[in-house]
């Protein structure tokens, strides 16, 4: 087999991504244990089943989630929503997740399979109606429940649950499909009162990513006590500014889910919407979520660039976000970025067809568009359009240098207000087609 230079370069980037973005250690919240196993659902024998359990009994846990708005909601999405609605987010003590099969568009039998996964874990932890379920993989196939059931039992019966770094990294690996690296982030924060707490998050995703009021597959857990109503608002706010601001290919999955559990293992007052620390926690969770969401884009299927689309000075935040999303989802913009072509006309085109809530957010006579270098090289900003006027003397050599960077920024200044929004996206390469052309095989 003749290996092309392009293929060799792609392999090098995959290795670099793993070494760059996968941690070698972490700090993890009190009162949780996680376990994972290769149940046999994945043909390659990789980890494909994971369980997270809250072991803290000092106070009841709380949970929140944000789900896909795709009309073909998968069985695990519908089942988890039902659990959260019936419990009002209180007393959720476990998450069970599988990869390799999405259990989507599988009818009533798929619903029964999702419920069976929940029931198996509930029985093992001795707490009814206490588990959420998540699945990812190929759509339209039923779960191999003989393997899933045996795998869940093995995790519990063989004492495969732990709170060490390897256990957390492995459960992050267990939700991967076309991912080239597991997404695991952990961090310790300090509140205004000096109390410290820990947050850990995992996500999977490299393709079928353009969430809307939800996001791919991921979960956060913390040892901070947070009331369920406050937790839902914190997670929604954070998601709207992180996972709802990423795009790889413009496709929204049937299974997109982000959930968060707060077990209150840290001895401090419960965070409510009226707490002095509420806004601080909301900000900390949001910045944490951005870090994790950006890892998904950095692992975009076949991608070679990480691109920040920064829309400034809009009349409203919503319109800034709509414009940033329109640019990020444009196939023509993404392919131009891959080809290192400074085709600013495609950017303006994507801005022009954005479905704005307030048309006054866009004034074609005042808009400016630039490429921004992120490697501290000068000139850092290369103006393409200024006050609605194309810059006919654009330095093509400098444009090529910026577009050759692994990280770069597209800056749009609307000059119609004071609101801003960011989206994170990647380019679209030949490799993306190769990966998705034979995904089921």
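Note that the numbers count up from 1, one per residue, in the order the chain is shown.
The backbone N, Cα and C atoms fix where each Cβ goes, and this holds for glycine too.
Residues or ranges marked as substrate binding site by Swiss-Prot on the basis of sequence analysis: 177, 204, 215, 301, 436, 441. DSSP assigns residue 204 (substrate binding site) to a strand in the three-state reduction.
Summarising the annotation, Swiss-Prot assigns active site, nucleophile to 215.
DSSP assigns residue 177 (substrate binding site) to coil, not to a helix or a strand. Other Cβ atoms within 10 Å of the Cβ of residue 204 (substrate binding site) number 24 in total over all chains.
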